[in-house]
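Please see the structure below; I have some questions.
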Amino acid sequence: MKLNLAVKIGQLDMINPVTTASGTFGYGQEYSPYVDLNQLGAIVVKGTTLEPREGNPTPRLVETPSGILNSIGLQNSGVDYLLEHYVPFFKKLQTNVIVNISGNTAEEYGQLAARLDEADGIAALEVNISCPNVKKGGMAFGGDFRTAAEVTKVVKNSTALPVIVKLSPNVTDIAEIARAVEGAGADGLSVINTLLGMAIDVRKRKPVLGNTMGGLSGPAVKPVALRAVWQVYKAVHIPIIGMGGIMNATDALEFILAGAQAVSVGTANFVNPYATKEIIQGMEKYLMENGIGDINELVGAAHL
């Protein structure tokens, strides 16, 4: 049986539905000894800001039951460094390179999108709207449908690249925000970003993370992420990249059945650098065993 694993996220053609979560795969180079990057549907690289950022105080990572808390604080060398040092590598790849962007203001997102729009080797932008809005007292852009839509619109007006907006789960109604972002022109959605959490050292009687709170990822968040994908799929008509605790092909297939067109592998990369490759192989095996020729037949099939 000939299998079709190819999917589309807006104008983005992917040879299969598997990509990587920003911040867990570096800039691709770090994992190239383990995985043929060109065999992935896409790679999403580490988050980029307009100016270099040092990130949050240490410790920045702590293991929790079935997950990891991280508080990296968007440490990166800034967009100029990305364009000079990483884009030449991106140009050599056949796979789609998606750059994750963050800003302190809507204007910063727009400036960043415009800079990246000029570069070859970048296939799409993923917009992290979980950042604090410095003009609105630090509330996350993604916490309110109006500011989420505003950032989306500014980015869309600043680039011809496909725009994928990464939604925060730390909200009351994720479907409302998804609809607002779709209305503002988003080409796709990444669902979900990390859940806000913390850990406390009982000996020191202090939070473990240097920044007190951090983002929870890994298997612990999977039921929440699946629920979010299910709700968003029913609310919008644009494609979804599902993520949150995907460790194997079975996890990935659950997200696709819930409505995700593609899936993003994050924490699993830390545990097993071959995770993405093994998930693709597991998907192929499932399709063969079940007599399904096209992965797209499974998208949202659990809703039927």
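Cβ atoms here come from the backbone N, Cα and C positions, even for glycine.
Note that the coordinates shown come from a computational prediction; the quantities given were computed from them, not determined experimentally.
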Per Swiss-Prot, which of Asn128, Asn248, Asn269, Asn272 sits in the substrate site along with Lys46, Asn70, Ser71, Ile72, Gly73, Leu74, Asn193, Thr194?
Asn128
In terms of Cα spacing, which of the recorded positions Ser71, Gly73, Cys131, Thr194 are within 10 angstroms of Ser22 (FMN binding site)?
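Hits: none.
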Between the binding-site residues Gly47, Gly73, Gly244, Gly266, whose Cβ has more other Cβ atoms within 10 Å than any of the rest?
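In terms of Cβ crowding, the pick is Gly244.
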Applying a 10 Å Cβ distance cut-off over all chains shown, what neighbour count does Cys131 (active site, nucleophile) have?
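Within a 10 Å radius of the Cβ of Cys131 (active site, nucleophile) lie 23 other Cβ atoms.
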Write out the long-range same-chain contacts of Ser71 (substrate binding site), meaning residues 6 or more apart in sequence whose Cβ is under 8 Å from its Cβ.
Asn56, Arg60, Leu61, Leu209, Gly210, Asn211, Thr212, Met213, Gly214, Gly215
